[in-house]
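These notes are about the structure you will find just below.
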Amino acid sequence: DVSPVVAGLIGATVLVVSVSVTVFVWTCCHQQAEKKHKTPPYKFIHMLKGISIYPETLSNKKKINRIRRDKNGTPKETGRGNLLVDAAESGLISSEKAPDGPNAAPRVDQLPIKVDYGDELSPDQSLTPGGSKTSSPSSPGDDVMLGELTFSVDYNFPKKALVVTIQEAHGLPVMDEHTQSSDPYIKMTILPDKRHRVKTRVLRKTLDPVFDETFTFYGIPYSQLQDLVLHFLVLSFDRFSRDDVIGEVMVPLAGVDPSTGKVQLTREILKRNIQKCISRGELQVSLSYQPVAQRMTVVVLKARHLPKMDITGLSDPYVKVNVYYGRKRIAKKKTHVKKCTLNPVFNESFIYDIPVDLLPDISIEFLVIDFDRTTKNEVVGRLILGAHSITAGGVEHWREVCENPRKPVAKWHSLSEY
C-alpha cells in the first residue's frame with residue numbers, strides 16, 4: 001500500500017547509500033595499494049647503544065626521536081631539534097649587521113620585500129648560501145691531520161639487513177677557536193642510490209667522540225653489497241652559522257666480507273673533494289631586472305637529466321626559490337609539483353622588489369626537491385645565482401643580468417649536491 005512517491009524516495013536513498021559505500025571501499029583499497037607501491041626498496045632502523053628495534057614493531061609514520069643530553073648528562077628526547085633551528089636562524093639574523101652612519105647599507109627590515117620566517121631548515125639541512133663563509137684559522141687544511149674514524153660492518157642473513165655501527169673518532173681538528181674544541185657528528189649515506197641518509201647525535205666539546213650508534217638497513221640482498229659504498233661525512237655543529245665540514249670517509253663494500261661476522265675498520269678522515277660529487281641534473285632559469293620599477297623577474301623554465309628518486313625510476317620534482325640579502329632569507333616561493341618525470345617543464349615566474357643599490361648583496365637560491373607523499377621531501381640539487389654564486393656560469397649569468405637591464409637572460413646550470 002506504499003505510495004509510488006515514497007517507494008521512489010526509498011529506492012533513491014538505497015541507491016545513493018550503495019554507491020557511497022562502494023566509492024568509499026574502492027578509495028580505501030586504492031590508497032592502501034599506493035602505500036604498498038611506494039614502499040622504498042629498503043629502510044633503515046636506528047639502534048642506539050644495543051637497543052634493537054625491528055621493522056615489524058614500527059609503522060611507516062613513526063618518527064625516531066633524537067637524544068640530547070643536558071649539562072648533567074641526563075638524556076633528553078627532542079623532536080626535530082627546534083632549539084637548534086631557532087639558534088641557527090637567530091645566527092643568520094645576527095651574523096650580518098649593517099654599520100651605522102649616513103653611508104650605511106639599507107637594513108633588511110627596511111626592504112620592500114616581506115620577510116618570511118616560516119619553513120625553517122634544521123642546521124644539518126640548511127642550504128643557506130654560506131659556502132663563501134671565511135674559514136677560521138683552525139679550519140682543516142691540506143697539511144692538517146683530520147683524524148680517524150672507527151666503525152664496524154655486519155650482515156644479518158635471516159633479516160637481509162646491513163648493520164653499520166659508528167663507534168668513535170680520534171684526533172679531530174679544532175673547529176671552534178673560542179672553546180678550542182669541536183661539536184662533532186657524522187652523516188652516513190649508502191651510495192650510489194643515496195636513498196637514505198642517517199646521522200648520529202652531536203657530541204659537545206670533544207675531539208675524540210665516542211658515538212656507539214648502530215644503523216640497520218633492511219631489505220638489502222647480500223649479493224648487492226659488492227656494489228654499495230658507505231659514505232661518512234664528519235661535521236662540526238655550529239650554533240650561529242652553517243655546520244663546518246671536517247672531512248669524509250669512503251668505504252667500498254667490495255673489499256669487505258661480513259659473511260663470517262662483524263668486520264671492524266678504521267679509516268683516515270680525508271678532506272672532502274666537492275669536484276667528485278656526481279651530477280644532479282641541470283636547471284634552466286631566466287632573470288630580468290627592471291631598474292625603473294626596481295623589480296627582479298625570475299622564471300623557472302625547466303630541468304633535465306634529474307636523478308631517479310623513486311622506486312619507479314622517476315621523480316616528482318618542484319623548485320623552491322629563496323632570495324637572500326647577505327645571509328638572511330628575505331623571500332621564498334615555489335613552483336607546482338610535476339609528477340613522474342625526470343625532465344620537468346615548469347614555466348613559472350616570480351617577481352621580487354629589490355632596490356638597485358642592494359643588487360651586489362642579493363643571492364637567489366634554487367632548490368630542486370623531490371616531492372614524496374609518504375616520507376620526507378628530499379633535495380635533489382641546488383643552484384645559487386648572485387653574490388654567493390660558487391660557479392663560473394652562475395657569476396657570468398648574474399653579471400649579464402646586471403649589465404643588460406630589462407633584457408631576460410636564460411641559461412642552463414648544473415645542479416650541485418651540497
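Placement of Cβ uses the backbone N, Cα and C atoms for every residue, glycine included.
Summarising the annotation, TrEMBL assigns compositional bias 'Low complexity' to 126-141.
Summarising the annotation, TrEMBL assigns domain 'C2' to 145-267 (among others).
Taken from TrEMBL, the feature domain 'C2' covers 279-413 (among others). With DSSP classes pooled into helix, strand and coil, the tally for the domain 'C2' (279-413) is 18 helix, 67 strand, 50 coil.
If you look up TrEMBL, you'll see 118-143 marked as region 'Disordered'.
The feature transmembrane segment is assigned by TrEMBL to 6-29.
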What average pLDDT does the predicted model assign to the domain 'C2' (145-267)?
86
What does the DSSP secondary structure composition of the domain 'C2' (145-267) look like, as residue counts for helix, strand and coil?
12 helix, 63 strand, 48 coil
